[in-house]
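K.L.:
One structure, pasted below without further comment.
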Amino acid sequence: MAQQYQPGQRWISDSEAELGLGTILAQDGRLLTVLYPATGDTRQYSLRNAPLTRVRFSPGDQITHFEGWKLTVREVEDVDGLLVYHGIDGQNQPHTLPETQLSNFIQFRLASDRLFAGQIDPLSWFSLRYNTLQHNSKQMLSSLWGLGGVRAQPIAHQLHIAREVADRIAPRVLLADEVGLGKTIEAGLVIHRQLLSGRASRVLILVPENLQHQWLVEMRRRFNLQVALFDAERFIESDASNPFEDAQLALVALEWLVDDEKAQDALFAAGWDLMVVDEAHHLVWHEEQASPEYALVEQLAQVIPGVLLLTATPEQLGQDSHFARLRLLDPNRFHDLAAFRAESENYRPVAEAVQELLDEGRLSAKAHATIQGFLGAEGEALLAAVSDGDSQASARLIRELLDRHGTGRVLFRNTRAAIQGFPERQLHPYPLANPEQYAELPSGERAELYPEVAFQAQGETSDEERWWRFDPRVDWLIDTLKMLKRTKVLVICAHAETAMDLEDALRVRSGIPATVFHEGMSILERDRAAAYFADEEFGAQVLICSEIGSEGRNFQFAHHLVMFDLPAHPDLLEQRIGRLDRIGQKHTIQLHIPYLQNSPQERLFQWYHEGLNAFLNTCPTGNALQHQFGPRLLPLLAEGDEKAWGKLVAEARTERENLEAELHSGRDRLLELNSGGAGEGQALVEAILEQDDQFALPIYMETLFDAFGIDSEDHSENALVLKPSEKMLDASFPLGDDEGVTITYDRGQALSREDMQFLTWEHPMVQGGMDLVLSGSMGNTAVALIKNKALKPGTVLLELLYVSEVVAPRSLQLGRYLPPAALRCLLDANGNDLAARVAFETLNDQLESVPRASSNKFVQAQRDVLAKRIAAGEAKVLPTHEERVAQAQQRLAAEADEELARLTALKAVNPTVRDSEIDALRKQREDGMAALEKAALRLEAIRVLVAG
């Protein structure tokens, strides 16, 4: 029989019990709208299969009015589909309480209802529920939550930035690390941690069009974040009134958005908590005028609370451009360019003084006077202690200066010079004779730098005339691969056509196992190619990538890189090397560069090596030099004027050396210390590695897979294949693929095998599986036989699991203070609680299953006795619950008060602390304390134990 819904009726969500009591708002056609006042959430359900249970109390139940007074139900009346409860209050006065006035925070005794209804579950499910509660609680308390589950090597500076930024309310910061230090990973960590904590629920990512795929791959592969990529086609074809409203994470190309006013209107209307803008240094701003892209981002930044800008370093940008990024974050603070220049100049001597302290371990008289003038009287004691050689005082002094840094809270910028762990590079150039077949090709960059593409484009050729039959680079590549034997080699070329042709050449001419990787392949096809390359035993020796196809991928398990050709821009060159040159690379990078002599390829090699020094070192000046010398460079690549060419390379080398000297002298070591975390990040690294070594997750997941009917088989070392079995319990289990998936718990394995799912406590499969356990009712009842000689046969013990539950928005993060750990009670016949003396695991080892029919018969026979004991159980754990709530309130208040005091004091000396940030923190404290005050005990599960 179909459910009858009426506005005002109270229902509870079967899948989201934490939302509290729901109120039916409307029934519109096939949709049902329910409001959950406790959290402010609204849900829409299909009328046919809404996951809702009607809230209907019975005589004898005690219920609560929204004003807080309680009523013991004597009679229930149905008035036009709405329930009216009649009973007496705490003073034995008669009262009437319509269901519309019920407290939104009322908890339900669903476990006892199921027990007495004969819905008794297997013992294994009761244990699974208990263990799920304990693991879930532990993760909520962990400082690593949102940081440790990423498919990446834990790196100190990235973790420090992620925690520092993600733990703020509506962070507004500039991430300006040097190339290769992982700004995208830092941004992904911030997004991931903010989503998991509830600080953000909707995220907008704006990127240049050519980086959309790279971001899509990074977010999906590293963070398991399902990002919706929007372009003109998807926007037009969507049936939704506002396509953006259905996306929790939207990835949008800025070029398209600027040209589409309708899409802009929809984007503004959708509402976002956090905006991330990549390549923000390309947003053009001058005091007189801003570009359309800058103006659009500025408008979005005015209405979106959190903003992350990913950009080049301030030294690369120049002061004016750097100021333009800062004013996007806080236009009130950064409103005057001239004032900003003056402030920056005033601060430079302080940074130089700190550099002296870091380098020499002491301060000269000049540096001492500079810092004293900056800190005032309050810094005199610290300076005196520093002068006496107190290292702790030096650390405190640096912290004081950091807090006063003009942009220290909004700007994070790490440099390779300050970060350890990068590999060295070795260059191996191979000049080769230019074949005569290329001599007659038409002029143009494509023909001159990539002659094989131009040759093939001339028309159909026989197999014997294909370019890879005569191009000496192919002969060289085959010989090199044979010399390196089974060593993994990554080959990158500019075009997909070249990559595919090279695979043909290796197959036909050498039989060397190779695979290809280009933008014409689907993500799944690329994953398979990458996995084939990564396989040490049976995999390909060589992976041949096109320029675009390799974006966002990590192949650092290899250390030989062949550049079959060279890209036309130094940024692309750095991207190529960056596929292998990453923190954590254990070997020296071997760069193999074959090029055709007396050709533009040779000159481009000379430009990068002799002019830009871009092979052996990163080239932070490459973009500026390309912009400055580009107009002269391109014509000279093809011309034979040796004198003009030599002059250009020499000029570029001199300019590069000058720019690098400026960059080095402009380094702000104080800012680097703040960005690197000064040791805090390393503690996070060690904690994550320690967590990786534990076996709790694999053990737990094996029981979860067994419970849900997921078959688990060995795949290879440190890897398992999961497949749904015929007895799969719930089709909604988040396996990820109906055909099955390959998983690993090993971080190293996951980094080299991107086709495998990397399971951590944060993975959607783990979180989704735990949610299915806790949101469902399975496992909240059980009956068992206990084999213990100390107990008389027939003795009945009652095990009750309670949870301290807070109904509140996720953004308050109250699970950090009052996690839903099980409060356990084990009652004997005399009402004594034995839980402290008998551990859960110890008890479990003594239990045997009882057939369901026998269990039900026993429960029905003992119903009254069991009901009385269940009613008495809450009093046993109530003191523990109240103590936990009080401790949670104390921790929340202490943390919030400490942070409020720090920010308030900081604001007095550093204007980048926003009033809105302090106000939001104060409100969060108030709301959190109020919600904890209403924390209630909920009976989670019941297990009846009969001695036999």
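Note: Cβ is positioned from N, Cα and C throughout, glycine not excepted.
Relevant sequence annotations retrieved from Swiss-Prot are reproduced here:
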- 164-332: domain 'Helicase ATP-binding' (DOMAIN)
- D177, E178, V179, G180, L181, G182, K183, T184: ATP binding site (BINDING)
- 278-281: motif 'DEAH box' (MOTIF)
- 473-627: domain 'Helicase C-terminal' (DOMAIN)
K.L.:
Look at each of the binding-site residues, D177, E178, and point out the one with the fewest other Cβ atoms around it within 10 Å.
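P.N.:
Relative to the other binding-site residues in D177, E178, E178 has the fewest Cβ atoms within 10 Å.
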K.L.:
Pick from V179, L181: which of these binding-site residues has the biggest number of other Cβ atoms within 10 Å of its Cβ?
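P.N.:
Within the set of binding-site residues, the most crowded position is L181.
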K.L.:
Can you list the residues of the same chain, besides D177, E178, V179, G180, L181, G182, K183, T184, whose Cβ falls within 8 Å of the ATP site's Cβ centroid?
P.N.:
E186, N414
K.L.:
How many neighbouring Cβ atoms, not counting its own, are there within 10 Å of the Cβ of G182 (ATP binding site)?
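P.N.:
Result for G182 (ATP binding site): 22 other Cβ atoms within 10 Å.
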K.L.:
Do you know which of the binding-site residues G180, K183, T184 has the most other C-beta atoms within 10 angstroms of its C-beta?
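P.N.:
Going through G180, K183, T184 one by one, the largest Cβ count within 10 Å is at K183.
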K.L.:
If you average pLDDT over the motif 'DEAH box' (278-281), what do you get?
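P.N.:
Across the residues of the motif 'DEAH box' (278-281) the model's pLDDT averages 89 on the 0 to 100 scale.
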K.L.:
In the motif 'DEAH box' (278-281), how many residues does DSSP call helix, how many strand, and how many coil?
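P.N.:
Its residues fall into 2 helix, 0 strand, 2 coil.
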